[in-house]
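As recorded in Swiss-Prot, the features of this protein are as follows:
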BINDING   D11, V12, G13, K14, T15, H16, D40, E93, L94, A95, G96  ATP binding site
BINDING   T15, D40, E93  Mg(2+) binding site
ACT_SITE  K31  active site
Amino acid sequence: MQIYVSGIHTDVGKTHFSAAFCANFNYDYFKLIQAGTPTDSEFIAKFSPKTKIFKEGIFLQTPASPHLGKIKEKLDYKALDIILPKSKNLLIELAGGLFSPMDENYTMIDFVNIFKHPTILVAKYYLGSINHILLSIEALKQRNINLLALVMMGKKDILQDDFIKNYAKIPIINLDFFDENSILNKDFKEQMQEILQLKIP
């Protein structure tokens, strides 16, 4: 299965989740657009060294919204020309949030909507995150994009999780930020396996 990893915002933990997912389920990894360094692929290589990592779809030197980096660096690319690697089990990490621009005409959610694959939405706990989560879920539902689960990064907030589950009727998976010694997480692995019916290696 090919799966998109989308976020409610930038810096919510998409790459942390991607590293844990790839390490626990032997998935390959592809970053759709990389803006700036150090790269997310380098993070994956550090925490999940056995993961096959494909070259980024687009690489930008500028650590900014891709459409701005494209202009600043005078690059010529079209978002919809990015070709996804031919891999049976592939995690495709998007950049920023669902409505982060890819170029002058398209956002991340446009790409997901056109090149349909199921999606995992990643969020973390902060003031205002419930609003961002529900808006993101609604945007995916309106486009009939298959949302597999919501992953909440960081120390678990039971009250927030309960509200989101009751309101949005979506399964929630919890994953704390980790280091090299805790990336192989039994609870995370079992939660993912139960929801997605993934084969545990």
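Using N, Cα and C of the backbone, Cβ positions are placed for all residues, glycine too.
For the binding-site residues listed here (D40, E93), the lowest count of other CB atoms within 10 A around the CB belongs to D40. Distance between Cα atoms for L94 (ATP binding site) and K31 (active site): 6 Å, as a whole number. For the recorded ATP site, residues D11, V12, G13, K14, T15, H16, D40, E93, L94, A95, G96 set the reference point as the centre of their Cβ atoms, and the other residues of that chain within 8 Å of it by Cβ are V5, G7, T10, F17, S18, V122. Sparsest Cβ environment among the recorded positions D11, G13, T15, K31, L94 (other Cβ atoms counted within 10 Å): D11. A coil conformation is recorded for G13 (ATP binding site) in the three-state DSSP classification, outside any helix or strand. Rounded to the nearest whole angstrom, the C-alpha distance between D40 (ATP binding site) and E93 (Mg(2+) binding site) is 9. Across the structure, E93 (Mg(2+) binding site) and the residue listed as 'active site' are spaced 5 Å apart at their Cα atoms. Cβ contacts within 10 Å of G96 (ATP binding site), excluding its own Cβ and spanning all protein chains shown: 22. If you measure from the Cα atom of G96 (ATP binding site) to that of K31 (active site), you get 11 Å. Note: the CA-CA distance between D11 (ATP binding site) and the residue listed as 'active site' rounds to 15 Å. The Mg(2+) site is set by T15, D40, E93; from the centre of their CB atoms, other residues of the chain with a CB within 8 Å are V5, K14, S18, A19, Y29, K31, S41, F43, I44.
Per the record's binding annotation for ATP, residues D11, V12, G13, K14, T15, H16, D40, E93, L94, A95, G96 show a top Cα-Cα distance of 14 Å.
Following the DSSP three-state reduction, the secondary structure of D40 (ATP binding site) is helix.
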